[in-house]
């Protein structure tokens, strides 16, 4: 059993002898193959630059989305793979295929309907999903080249609609499902996944999908959408990603009564029972894939921070709702300081009112206060000063030290009664009262309450002491945004900064002036964090790695753009943004002595690379959606 050092005795006993034999055979074969095929050392490894060996031909190839090229198979490949006669005789270029698909998509996106829930955006999702099922390379090629248009379809906001209706949309399984009924079996189950190498897992328990609440097993859609963006933005090889749903039941009464619901129709596990399921999952996936990175997604606030603290120092994992949202928000907050014509070092002087004390709100407040504290000297007085710049308001009003049963994670930011009484505030003061009295530089929404920033709240922000106040309506999906850019600009005027979690159009202010609507999308950071962690081989994902990712994004914007009120770059630049963020993460991992290397690039070689060489190393390890040459070999 020495080959399974990470297995607990309980899980070790659960492995069948046949599975152990299979694992030993795989391990022996892999070792032999590695010895025979050890490549010469090279500076970088370029994705999709060599032929792919396949053990299938004929219709099996055409039915495999990883290898199917459709009409783009050359005549040589058709002969080699027994495809002659199975395809129309004309050989098309990849661009011709894309042109045909795009023509159909433009024509069908308005007309395609399949029931009362099938909006225009959902029709687009269905069409793209069908392409994903039959030709992955072409699917990702279209996504990469049209990322600004189709990211909102495969991810927020459309993915929320997809998750709400997933039981009806389900056609073909994608990813893995682990349930409460699989306890004791997960270690065997992970070997049902065909890929021997997995670089990235996005996992959810479906308990808090976007701002839509408990969607149970239907939350798998968010994991699939996130991984599509890892492939498109970060160039993670799609054959090495795995979306995962952990089904521990649902407390959604509608789903519990729905005869068509695909998940466990029982109430959610809680306490130690719940933790035992997540523990077994983590041990199982890291036993089979020791170098995998696991991103936790849309876990309810009750568990998000607890699980992050439980695993982050042991496994390569992070929580995008807590850490990714915080990073993007910090980049935007730093951008808002620059937009005022001030240096970023003035960030600790900003007064910030935060609406929302869930996992995202707590994550942002924690990370932002650490950023402030570091600028102030990183000592105890610096942290105390940083915490004093935040006023946190939840559903029960302003959080002070008088709050009963206060969440321990938000307790450090509970205002002292002596401090708020001088401002004319008290425990439970309303959001409007807090904005009127504090006169904040930033109003930051992470509440998942659509319209929370009412006309009255925005009117109160007119008295801000800032020369250019900022409104961040960051809740997703679109209907949960605290306000729209039209509402913000119409009440506060042109001299504000506006950012949101979901995409909105810019606002025409008249006289040739534009009110810029910045989308603070987590997509700016999580692909780069994942890719940088992968390519550095970092053992864990540190606060420092997350911090440099935020600072890299904040610095990406040019000064003239920021002064116009543009604090986030266009989504169309996402591959370049991700490359720069990943390079920053790699450098920080090396600086913190966390890097262990990746493939032919070991830790010592990483340390010798210049900044430009690290960027080149990242770029050359990003997968591009191009058709590889396929060579058949019998098993």
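Placement of Cβ uses the backbone N, Cα and C atoms for every residue, glycine included.
The following features are taken from TrEMBL:
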type	residues	note
DOMAIN	132-312	domain 'Malic enzyme N-terminal'
ACT_SITE	155	active site, proton donor
BINDING	208, 476, 521	(S)-malate binding site
ACT_SITE	226	active site, proton acceptor
BINDING	297, 298, 321	divalent metal cation binding site
DOMAIN	322-590	domain 'Malic enzyme NAD-binding'
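Between the C-alpha atoms of the residue listed as 'active site, proton donor' and residue 297 (divalent metal cation binding site), the distance comes to 13 Å. Taking every pair among 208, 476, 521, the residues recorded as binding (S)-malate, the greatest CA to CA distance is 18 Å. Residue 226 (active site, proton acceptor): 29 other CB atoms within 10 A of its CB, across all protein chains. Less than 8 angstroms from the CB of residue 208 ((S)-malate binding site) sit 214, 298, 299, 300, 301, 304, 321, each of them six or more residues away in the same chain. Only 297, from the binding-site residues 297, 476, 521, place their Cα within 10 Å of the Cα belonging to residue 226 (active site, proton acceptor). The residues near the divalent metal cation site, meaning same-chain residues not in 297, 298, 321 whose C-beta sits within 8 angstroms of the mean position of the site's C-beta atoms, are 204, 208, 209, 222, 296, 299, 304, 319, 320, in sequence order.
Less than 8 angstroms from the CB of residue 521 ((S)-malate binding site) sit 151, 156, 328, 501, 503, 568, 571, each of them six or more residues away in the same chain. Shown in sequence order, 156, 157, 160, 210, 211, 448, 501, 502 are the residues of the chain, 6+ apart in sequence, with a C-beta less than 8 angstroms from the C-beta of residue 476 ((S)-malate binding site).
All protein chains included, residue 155 (active site, proton donor) registers 25 other Cβ atoms within 10 Å of its own Cβ. Regional average pLDDT for the domain 'Malic enzyme N-terminal' (132-312) in the model is 92. The Cβ of residue 297 (divalent metal cation binding site) lies under 8 Å from the Cβ of 202, 203, 204, 222, 223, 226, 319, 320, 321, each on the same chain and at least six residues away in sequence. Cβ contacts within 10 Å of residue 321 (divalent metal cation binding site), excluding its own Cβ and spanning all protein chains shown: 27.
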